[in-house]
Amino acid sequence: MILHELLSYDLLRVIWWGLLGVLLIGFALTDGFDMGVGALLPFTAQTDVERRIVINTVGPVWEGNQVWFILGGGAIFAAWPPLYAVSFSGFYLAMFAVLACFIVRPVAFKYRSKRDGFAWRNRWDWALFVSGAAPALLFGVAVGNVIQGVPFHFTDDLHTIYEGAWYAKFIGLLDPFSLLAGVVSLSMLVMHGGAWLTVKTTGEVQKRARAYGSIAALVAVATYALAGVWLAYGIGGYRIVGEVAANGPSNPLYFQVERTASWLSAYADRPWIAIAPALGILGGLLTFAGLRAGREVTTLLFSKLAILGVISSVGLTMFPFIMPSSSDPRSSLTVWNSSSSHLTLFIMLVVTVIFMPLILAYTAWVYRVLWGKVTAKDVTENSHSVY
Amino acid sequence: MEFGIVELSRLQFAMTAMYHFLFVPLTLGLSILVAIMETVYVMTNRPIWRQMTKFWGMLFGINFALGVATGITMEFQFGMNWSYYSHYVGDIFGAPLAIEGLMAFFLEATFVGLFFFGWDKLSKVQHLVVAWLVAIGSNFSALWILIANGWMQNPVGAEFNPMTMRMEMTDFFEVLFNEVAQAKFVHTVSAGYVTASVFVIGVSAWYLLRGRHAELARRSITVASAFGLASAFSVVLLGDESGYDTSLNQKMKMAAIEAMWETEPAPAPFTAFGFPDQEARETHYAIHVPYVMGLIGTRSLNTQIPGISDLVAQAETRIRSGLVAYDALMTVRAERDATPPEVMQTFEDHSADLGFAFLLKKYVDDPRQASEAQIKAAANDTVPTVWPLFWAFRIMVALGFGFIGTMAYFFWRASFRQMRYPRWALHVAVWMIPAPWIAAEMGWFVAEFGRQPWTVDGVLPTAMSVSALSMTEVALTLAGFVLFYTVLFIIEMGLMLKYIRKGPFQDVAETEAWVARHHDRLAGRRNADAIAQPAE
């Protein structure tokens, strides 16, 4: 098989770095509002009917949305095996917490309205709240850690070793900057959930969604800007030194890496990437204004722009780093040293090019079929078939 | 056996995988049965088939939720607990997992919501297409995960790259059309179809015993027994024994399942019963059936099946060859581009056996320092523990034949005895419900436990595959999973039983209301009379 030589190895690596971003953004745009809606559930809905309205706005689509998360895992495994191996075993207990949420959430959606008892439903509502808010926070915390570097190194056999005892590994994740990143992520997804509820509901529920959503939008913009300032003055970056073998074998130990004063020197080298954080801030402010003004579909679009800007700004700032190592910078994972083989990247690209448009097309069709507001009438008349 | 991080990680993987597979087979089969029922509805317009679709669809949904929830763990725990495995074979193993997401998970998950929420938003044919897309998506996911698993059993289309210290793909189509994977796929989905058929027949039999919902129950039995009979033949006859002659380790698995300590003259006898004794390498109180083993195992009269002792001797040879590869690898790694060509040649000649040298890592850090006794011990390690495999396999096969019998009987009554069933047969059907789950779990146990001591046969030993985690971390998550899964299982069973007890009353009422609502719209259509008819 020589077909894969059509695209050079370094180009495929950059394409897959971009696709990694597409997956994360796809996940945040779709499952993001599910998590946001879960986090907003206790605030936007008081009566059982209201809660069922809120839940049923995402009822038919959360399952498909969640596949972005699962595909994210699969695609990282296929395209960036060292990243898959290092990050999930490194963030072990945090990963478990995220998995626990993603295990409880499907069950909570499906089972909540299958019994009548108040206590039964109330417990599942709590489960939906926690399983929406906690991962939204933890994803941001993980990104905050990655930006600062994670304490791991490789042995000569490429076994991954983490520094520190297990509790230190877990508690150590919760440093102030990472917590701030967690707040950015949580408030951003709550904003997105609020925008979604504005589109899908009416009356009281919509009013509350707009109120809480706009607060979240302001918090997201403020904390994101604060994180940017912190990054400029308080957090060091990383840089590859010596020759960059962009077409070389995927072995982190073949590179030399050193610490730099700040990640933000990337903006001097590639000024055009400033468009990403600008989009993040502008999108957030427009979402705030849209929610205040009561605009529906445009607000959801603004919220999507904000998420697009915030997530891509992280990737663009760190490029070519994916997961730097704070204790042994040489072990850092970059675009050039932690991908799959040339052949695997090519095959996975072919499969993605075939299936991604199909997925987007049928997902769009399903959203179109389900278009429209969820009302009290809908949930009471179809008690048997909706959540 | 000392109990360390490897054993604890294996326990967690076994627990979460076997738990996940409590829900998967029913999803695989019931999705298709529901789609078949809806097809009959769309073709005949008889409301009873709509009620059946909705009722079994509801039970499908309760089961599906936990299948999805527990599947998430599977996608991530390779990286969490088996990080060296993920690094070492991710280049090959990750691809089918990602394709599974792109091709299967999106399909089933996107349309499953529409299946439940779309009844009033779609035309009948559109909704039918949605039902089939859910079924096809579920079955595609089985295909890709079994291509991944098949590669662990029979790692084709890949070779070791000393520059990256990992296996890399050389031929995607070899991975795709791996004969072990294909056999496993057919076997596994057939098992799912049998599971769903036994479930549908069992629940329907319970209704008939109670004198409830006879119309729905009788029709359900008819569909399920026809589907189940074909699947039961498929699961037994196309069992995944084909492909057991592809590699040394697959041969070892077969020899262990059959407790064949020594090579027997072809065709070998089948040991129907006995107590395997690993220490003495013999089977006590064995009952042999002549010729049968040779016929099943090789589909021929004159091909020999090697016994365990011979296979251990072969493993020892490969360990010695692997040590040559390991020694050359150390030079290649130190010198990189400056490696002398003859060392490179030596490495390439022996690299297929590199994994066997890794078996010694359990005993010494540098395999080249291993003593003769350690090499012998490592060769002996290639024999999995025989008695659990021997028994699990026999329970699975006995149940498999039991399914053929049951399905054939119900199919005969449904086809030629006016769908009337004696009470004893209905009782058998109800008690039969857990049997396919037992068979399926036994099957996975045989496949995975029989692969030990390897995660990837002949390539990577299990002991080397784990993450560098502390016992505390793994113990915490294992406890968490056990707690979580137990609670969810109790809730799931409670809901399942509640909805089975309640029966399809709501589906009947809802269908009647629906027919009334749509009566005017449908009045002008060709089959309007049939729609307006009551459910017989």
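Keep in mind that glycine also has a Cβ here, set from the backbone N, Cα and C atoms.
Summarising the annotation, TrEMBL assigns transmembrane segment to B:20-43, B:55-72, B:92-117, B:129-152, B:185-209, B:221-239, B:391-412, B:424-447, B:467-491.
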Maximum Cβ pairs under 8 Å to the transmembrane segment (B:221-239) - stretch from the list B:20-43, B:92-117, B:129-152, B:391-412, B:467-491: B:391-412
Intrachain neighbours beyond the transmembrane segment (B:185-209), with Cβ under 8 angstroms and 6 or more residues off its ends: 24-30, 32-33, 56, 59, 139, 142-143, 146-147, 150, 216-218, 220-221, 223-225, 227-228, 230-232, 234-235, 238-240, 403, 406-407, 410, 421, 423, 425-427, 429-430, 432-433, 435-437, 439-440, 443, 500, 503
Highest-contact recorded stretch vs the transmembrane segment (B:424-447), from B:20-43, B:92-117, B:129-152, CB pairs under 8 Å: B:20-43
Intrachain residues whose Cβ lies under 8 Å of the transmembrane segment (B:20-43), provided they are six or more past its termini: 49-50, 52-53, 56-57, 59-60, 63-64, 66-67, 70-71, 73-74, 108, 124-125, 127-128, 131-132, 134-135, 138-139, 142, 188-189, 191-197, 199-200, 220, 223-224, 227, 231, 436-437, 440-441, 444, 489
Beyond the flanks of the transmembrane segment (B:92-117) by 6 or more, those residues with Cβ under 8 Å of it: 31, 57, 61, 64, 68, 75, 78, 86, 127, 130-131, 133-134, 136-141, 143-145, 147-148, 151-152, 155, 157-158, 167-169, 172, 175
